[in-house]
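Take a look at the structure set out below.
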Amino acid sequence: MDLDLTLIYLIIFFLSFTLFTFYSKKAGEFSFFSPFFLFPLIYFIYSFAGLLYFYENQEDIFGNSFGFNIGLEYFITCILGLLGFYIGFFWVIKSKVIVKVIPSVNPVTFKYIIFFYILISVLVNPTGIFSQFDLSDIKSYGEVAFDSRLEYRNNKEFALVEIFFQTTPIFLLIYSCLEQFKKSKSLLKIIYIIPCALLIVHSFLSGTRAVFVSYFLFIFFYLYFTTNIFKSINFIKAVFLIVGFFWVYVIINIIPIVRSASDFSQMITLFESFYNQYGFSFLKLQNSSELQTSINLQKLQHEIINNGFEFTYGVNLLNDFLVFIPRIFYDNRPLPTSELFASVFYKDVYSQGGGMGMFVLIDGYWSFGNLGVLITSIFFSAFIAVLYRSILVKINSNPTSIFIFVTYFQAFIVSAVRGGMILSLRSFFLGIFIFYFLAIMSKNLVFTKVN
């Protein structure tokens, strides 16, 4: 292959990223955690990893070969996606649009409501909640991943119960523990840090990478917005943050290697075996299983360009919006794009309960090709930028704002590039639903002390 697209892509990204970062800083919109800065960076890492993988292998992860025309098409598509994202961001910075996102809340009543909601969740789903703290009986990701996906497809209530009566109350518990940790004296602090530590250790040993990252993010942003630890960044803190995020990257890429086991000693054995054979190759961008979702775009392009597979002309986007309706109300709803992709191109994987990670550009490309990529990228980046600015307005004055910001960050900054545009919207709105409900209750319920 004579043309080095990786170098060209690297130069284009570096120039555009540098120019827009300076522009956003001049406009007063710069933040290390803003979509203007972090989203293009994460997008580049995923898309660049896919380009590196193509140059090294010219095939998908199952060995199906791609020609150079697919690498060129992928390169053009990624450039158009980057352009679309920056157009959307530029429009939002120029327009100064803000919408009301954070609900008002009674902070005194809110803490009581949190307690009762956690209690109700324990009564409704005791196994689901207590299992997240039990280190004595951890099933590995390899043991339960496919079965849990099959249960999700076959059980109408599974997803709602997991979100409303497991995931949400656990984050409310983490929040409550951190609040008490901050207020308590030194010895009592240990009591409140134990539940958080158990959750983090359990998520690592069980191999649930997304859960591990979400715990890390919640604790980090709680400290960021409620303490002075990260208010001013000096050299030592900057080094600490860089080292910390590097180790998160390392751990994220170690988890797929060892998550066929849940026993720590077995995990060490698995990692030693992998390291003896491949060394530190798992840290390369193109070898990261987390970043390889971008290869699925190449697979789609190969099927459309070389095998005559047709565009959906927006049907997959419509289907993704219909997925917002819970299956308990719409049993025969269509498959989301991520599952549709697996069921069409990797039937055996899908039938066994497996899934294929989505890449953010697949939504638009499968609909209308590169034009669809450009249009959807503009609208998506504009939406998440307006949402970010609107959340940030009240981030320090409202306890629900921390929950909503972390949900936003997880859905749109961390997960959207590998999860798809429309499904990241679904993840966000489902994630904040209970927080809105509890905030409204805190304004309408009054707790009085009985003498």
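If you go along the chain as it appears here, the first residue is 1 and each next one adds 1.
Placement of Cβ uses the backbone N, Cα and C atoms for every residue, glycine included.
The following features are taken from TrEMBL:
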TRANSMEM  6-24  transmembrane segment
TRANSMEM  36-54  transmembrane segment
TRANSMEM  74-93  transmembrane segment
TRANSMEM  114-133  transmembrane segment
TRANSMEM  158-175  transmembrane segment
TRANSMEM  187-204  transmembrane segment
TRANSMEM  210-226  transmembrane segment
TRANSMEM  238-258  transmembrane segment
TRANSMEM  365-388  transmembrane segment
TRANSMEM  400-417  transmembrane segment
TRANSMEM  423-441  transmembrane segment
- Could you give the residue numbers and ranges of same-chain residues that sit at least 6 residues beyond the transmembrane segment (6-24) on either side and whose C-beta is under 8 angstroms from one of its C-beta atoms? 30, 34, 36-37, 40-41, 44, 47-48, 51-52, 55, 75, 78-79, 82, 86, 89-90, 93
- Which one of these stretches, 36-54, 74-93, 158-175, has the most C-beta pairs shorter than 8 Å to the transmembrane segment (210-226)? 158-175
- Which sequence positions outside the transmembrane segment (74-93), separated from its termini by at least 6 residues, show Cβ-Cβ distances below 8 Å to it? 5, 8-9, 12-13, 16, 20, 23-24, 27, 29, 35-36, 39-40, 43-44, 47, 50-51, 54, 297-298, 301, 360-361, 364-365, 370, 373-383, 385-386, 389
- Note on the structure: Maximum Cβ pairs under 8 Å to the transmembrane segment (400-417) among 36-54, 114-133, 187-204, 238-258 is reached by 36-54
- Query: Considering only Cβ pairs under 8 Å, which range in 158-175, 365-388, 423-441 makes the most contacts with the transmembrane segment (36-54)?
  - Reply: 365-388
